[in-house]
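Colleague: Quick one: this structure, given as structure tokens, is what I'll be asking you about.
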């Protein structure tokens, strides 16, 4: 196995107790002990930093920056401060469930504060002195100790070094205020920024209110004439309202008088109706008696009518019986005639059958002797049997071929399905591209439709064209090839690439990548050594051998990513990493089963170091296309289609053969039918003769005796005539009875007519009397309805009159209203004239909308309110201006003093390096824009230059690093914080600047009673200055390292003295 990263060696063997000797030099909040467990690459670590400068040194990749991460996260810092992972759980060592950070902070009172953070996948648990607590409580504790891990002026991780130089002047001022400013400086700055915004808002509001007030006053002055017109017109309209109210009362009074007149008329009509009803009763009695007499006559008439109907029905029944007998007689005569005619027909038929029989007998006698057709029939049958057998055999062959054809078609369907699945894999790749980068997907779809526009092939993005031979190898390619190249098109011709870019990027505005393949063939790229020479390290193949792709794409990957020279090993390679690094020449990168190793050679001593990265899970090339299988299936499909075509040709030939055989068989069947007809002709004649003889015998049996039949017919006619005579006698009796009843009915009808005439006269008299009575009653009802209408109308008018006068139901007119009514006319005509006159006077005045009056009144209220608000806002503005001036003085004076101190130290440090530096306060043109104030750093590294502002672009990286660390040292000269941390600040410095800066750091950080200082670096120059108040913490890794708990400093010193043959006192 690959050797685990070893732990930092403790700088001392103390147990961290806070006694007088061990705590000398520490300030409150300094770090006296760091312990890590399962954190990033560490299994376990425990280190004891010194109180002054702590130089943490070790090769790249050994885990120096991991210690900085632990300090930040252990003191409640956020992952964003480090510029690395976004979630704290990502700092847990791979394969572990939790990690621990324990940091012991110095407390001069004798009880150090031990903060422990237990990190899990779903959150963190916090402990202070082994007692559970919350993150907010830890943050409060850290803030009380003036520890600011989120302030780049105090805590500068490796990934944030560049951010310090890129900080804006404004942000640098805020960080400086927080780091070294006196209490309240940063808060006063924040107040001024807030004051500035609030002051502007209030001034803007004050000006807006003044402008609105002036507009409102002008508008009300403009509206005053209209309001006066409105009031004059309103007086005339008020008079109209009084007249309208009086009109309602006059209408009510007129209606009330009409009601009284109608009531008197109703009483008079009621008396007349009562007299008419008394005269009407005797006439009704006489009419009722006459109606009774008419009823008796009608009853007698009805009874006689019923008797006449009964006798008539009986007579009709006798008549129908006579008709029935007559019909029977006609029916018997018809039957007799049919029997005789049928007998005659049968005799004629017998004669025809006898003539036909004689003809058949002659035909039979004229036939030759029977000929033997059987041999010919048998030969014909045998020939049909042979052809039928041949047809069956061909049918069997067709079935076999059809079965084989169906089998091949089934195989074709399976291959089509598998090819469709392979095509679907391509679609999956394309859909994945659409999800990852929509613009590239759109460009692919355009290229597929317009590939004819290019002279040579433009290959689709690598994530589509690359096919891994084994899905488990996809992770190596995705780790090795950047995503930008994964989505890049590969052009074989430069002119094609220009056309492609112009269309896709310029015209369609799509963000894509495209590269031009080199002219070299992939075979020209040879690995540095054969893979067999590397098998002893566990390597099994080069990266190029794990996938296939178009030739142009492979050439690009060989040239750009050296896939022909990157070996891939298994789990045994991980155990031999050190040998691989030291023994395999010309190797910059290699892979084990789950890790990538990058080898770097030092510029100073040519020593090699390796950086290990865990291979991330693949997400682009996991869906692979087996191109060999696709080619195999395509070839197999062509073969199957050829075989199916051959089978179909065989079937067509068999169908043609079957058609000819079927025609031969049909001819033989026709021939056999003719032979059978000739053989059966004599037998047919004999059968016909027998049938005719039997028919003659049957017809002769059915003949009747004509004389006997006529005697029976005469007897039936005599019986029918006798029955008809009896029915005639009955009909005469019933008819006589009907005549007598009819005479009696006529007499009764005469009496009925007399009574009806009397009744008609009485009804006319009665009708006239009734009509007169009904008229009087209707007139009375109409009078009652009119009376009710008048009453309801009067009540409605009364309600309306009271309503228009705003009176209650039982309320009387007020005296004021009565007096107002007295001044008005008393009849409708005069009231209408007065209303017309008042309306005319109102119409003569210009009509002003009521909304204008409301707007005028609303304006008066708004003016009063706004004047008050302006006065109050002006007072608040004056108070705020005084507050701003006071806070500005409290902030700006100490700030200038602070920056003068920083500038003094900063300039001194630069001067010691034969350079120049300056720090001052940047003030914007508008002095009240407090958010634009900032710290401006100016530097000069060469005598020929002038002071230039430090930016993230003009100075080199090393120059920016020098300015950064010197600024932090200048801050340290001013105020103390428990510790400061700078990670690899010397990266990019030339040796001279690096030496000068290191000497300044040692001088500054190793002073008595100064803050603890952590400086991380992968290397140190030779012959540097060191101090007794300086601690060097070395970070080692490798397969031969001891566990840090097994490390013994005394034994190490003894062994060192033994090697150099020196006494212990020399050490």
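Each residue's number is its place along the chain shown, starting with 1.
Here the Cβ of each residue, glycine as well, is placed from N, Cα and C on the backbone.
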Colleague: According to TrEMBL, which of these ranges is coiled coil: 315-370, 371-426, 427-482?
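Modeller: That would be 315-370, the stretch labelled coiled coil in TrEMBL.
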Colleague: In TrEMBL, one of 547-598, 599-650, 651-702, 911-962 is tagged coiled coil. Which stretch would that be?
Modeller: 651-702
Colleague: Suppose you had to name the range TrEMBL annotates as coiled coil; which of 752-793, 794-835, 1004-1045 would you pick?
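Modeller: Spelled out, TrEMBL records coiled coil over residues 752-793, not the other listed ranges.
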Colleague: TrEMBL lists coiled coil for one of the ranges 164-191, 192-219, 220-247; which is that range?
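Modeller: Within the set 164-191, 192-219, 220-247, TrEMBL attaches coiled coil to 192-219.
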Colleague: Within the domain 'RecF/RecN/SMC N-terminal' (31-1016), what mean pLDDT does the predicted structure show?
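Modeller: Across the residues of the domain 'RecF/RecN/SMC N-terminal' (31-1016) the model's pLDDT averages 82 on the 0 to 100 scale.
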Colleague: Please report, as numbers and ranges, the same-chain residues at least 6 past the borders of the coiled coil (192-219) whose CB is under 8 Å from any CB of it.
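Modeller: Distant contacts of the coiled coil (192-219): 855, 859, 862-863, 866-867, 869-870, 873-874, 876-877, 880-881, 883-884, 887-888, 891, 928-931.
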